[in-house]
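Enquirer: Dropping the structure in here first, questions after.
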Amino acid sequence: MFYNFISKDSILYRLILCFGIGIGTVFGLSPFSFFSAGVFASISCIFLFFSLNRTSIWKAFLWLLILSQILNFTAFYWIPGAISRISGVNTFVSILFFFLYGLISHLKFFLFYTLFRFSKIDSASKTYILLIFPAAGTLSDMITFQIFPWYWGNLISGSIVFEQFASICGVYGLSFLLLFISSTFLILVNYYKYKNSKEFKTSIASLICITFIYGFGLYRIGYINQSQNELKPKNLSVLMIQPDTSPGTKDLKADASYLSATMSKVFSLAIPTFENSPSLIVIPESAIPFHGTIDSEENRKEKIYSSTMEGIILYLSKHTGADVLFNELNLDENKLRNQVSLFKNLDGKTERYNKRRLLPFGEYLPMEKNFPFLRSIFQETSRYVPGEFPKLLIGNKIQNQRSFLPPEISKLNEPKTYRYEFSSIVEHTNKIRNLEYSYSILPLLCYEAMFTELVLDYFQNEQKPEVLINITNDSWFDSELEAYQHSGAVRLRAIETGLPLIRSAVSGISEVWDARGIPMIVPIGFHETGTRAFSIRLDAIESTIYTRFGNSFLWIFCILILISRLIFVSRIERKS
């Protein structure tokens, strides 16, 4: 009936499908998280691809270009403002960059469609689509570059039960699952009147597979909660702060009143007001911008070292007996690093992780060597140098730690006083005697947490992480939708690894999830100032299948499906 009014080859029909993908995407992602919206987006994609198969490949690519911009404006409309604030460009450049971003970030549709087109599936009622469509979509998710990555698997966030499949196949496995569910739905709709047909029976078999995956999700949600190590539980008490300070633009770097107000706010929030002190204090990215705590000649020369910032970190640890996780900038052989640092109360030493995945045009300027004039356009862009290796941060929980006030709170800008106290041999010996356990943190700085590959490489070594901590600064984007989309994408890392995940954002949303991706606290909302004190269990029994094998099996499976189909198509064409 629908096709009596709108032709499958018409511009209107294709525009409706493009908007169907865009609207389905925005409502499939957080904060809406409608599972049906994700299915709607993928079904719209199927029908768009079939419509494009009836035109030339160049016209099809033109439509995919249109799709990329429709997706931009429906789901990621916050990007132009973010570009302007992060890099300091004017409105014209930010809009121009927005269009370019849409093309680059949605290149996966070009690969997705190309693989689908050459698979020669001429109808949504063909059972080949059950595997070809998911394999092509998943492979394009895994291969193509994205700036702020979103995957088809992110659109399944409306079902916490289906999301548990990520513990086996990761977010890419969820991409395959969503596209498989959508394909199965289409076959069922087409053949539900023909129950004796081969196609209907195939769709029922697919439905049984989906039911098994759902059953696994239910089992995992119940099993994880009962599989904690009760003999030697490792409970870590944490204080997380969200100061909601304004973005540290370069013109504020020399503003003493701004820096003083920012540091005071962080300091006042991080001093616990309850009797039981935390074992770990988590301070988000850029809570204290521009500065670091390494008192080196090059840091002093570039005015990066801040004695007050170091004094605050030392004071907090001394006052609470806690380790302190925070973000800082430091020069290392003339290379400016963006770091996650852990100050350890046990010995007064600091471990540091250098951020490996930098934000283009925000933290570094691509092609700056070839086009130096870009620096005059993107004036707020930083000059960070990426780290080379993953690094776990090892903290310690010490028994019988009591909160007390160190002397001379007025001397925060003279950290030597506090440094001396941490060097006491007697105190250090007592702490070692009272050491309850050590714990390992997998640090993720800002949008690094959106890339599953950056998490997987931590599981290749003997020492495994026990908790994931993502400290981030979303204040640059000034968009509640972005904050929710970012947070929703990060949550999957907890399910993939089977570990609790703490997300501490300077302006929101700050959340904590257990190994199933289920919230453990009431989140601190967007542009709220607040703290959360909570306890997490660190005694995961075993690694997930995904952390042991990664994406290897999914790569092989998808490639074999597509190669088999292409061989089959080429044989048919040769015979004809």
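Positions of Cβ are set from backbone N, Cα and C atoms, glycine also.
According to Swiss-Prot, the record shows the following:
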- E285: active site, proton acceptor (ACT_SITE)
- K355: active site (ACT_SITE)
- C446: active site, nucleophile (ACT_SITE)
- 236-538: domain 'CN hydrolase' (DOMAIN)
- 15-35: transmembrane segment (TRANSMEM)
- 38-58: transmembrane segment (TRANSMEM)
- 60-80: transmembrane segment (TRANSMEM)
- 92-112: transmembrane segment (TRANSMEM)
- 128-148: transmembrane segment (TRANSMEM)
- 168-188: transmembrane segment (TRANSMEM)
- 204-224: transmembrane segment (TRANSMEM)
- 549-569: transmembrane segment (TRANSMEM)
Enquirer: Cα-Cα, whole number of Å: K355 (active site) versus C446 (active site, nucleophile)?
Expert: 9
Enquirer: At a 10 Å cut-off from the C-beta of E285 (active site, proton acceptor), count the other C-beta atoms across all protein chains.
Expert: 23
Enquirer: Is the transmembrane segment (168-188) in contact with the transmembrane segment (38-58), using three or more Cβ pairs under 8 angstroms as the rule and ignoring pairs under 6 apart in sequence?
Expert: yes
Enquirer: Who are the chain neighbours of the transmembrane segment (168-188) in space, where the CB to CB distance is under 8 Å and they lie at least 6 residues beyond its ends?
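Expert: Distal contacts: 38-39, 42-43, 46, 124-125, 127, 129-131, 133-135, 137-138, 141-142, 151-156, 162, 199-200, 202-203, 206-207, 209-210, 213, 216, 452, 492, 496, 544-546, 550-551, 553-554, 558.
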Enquirer: Between 0 and 100, where does the mean pLDDT of the domain 'CN hydrolase' (236-538) sit?
Expert: 90
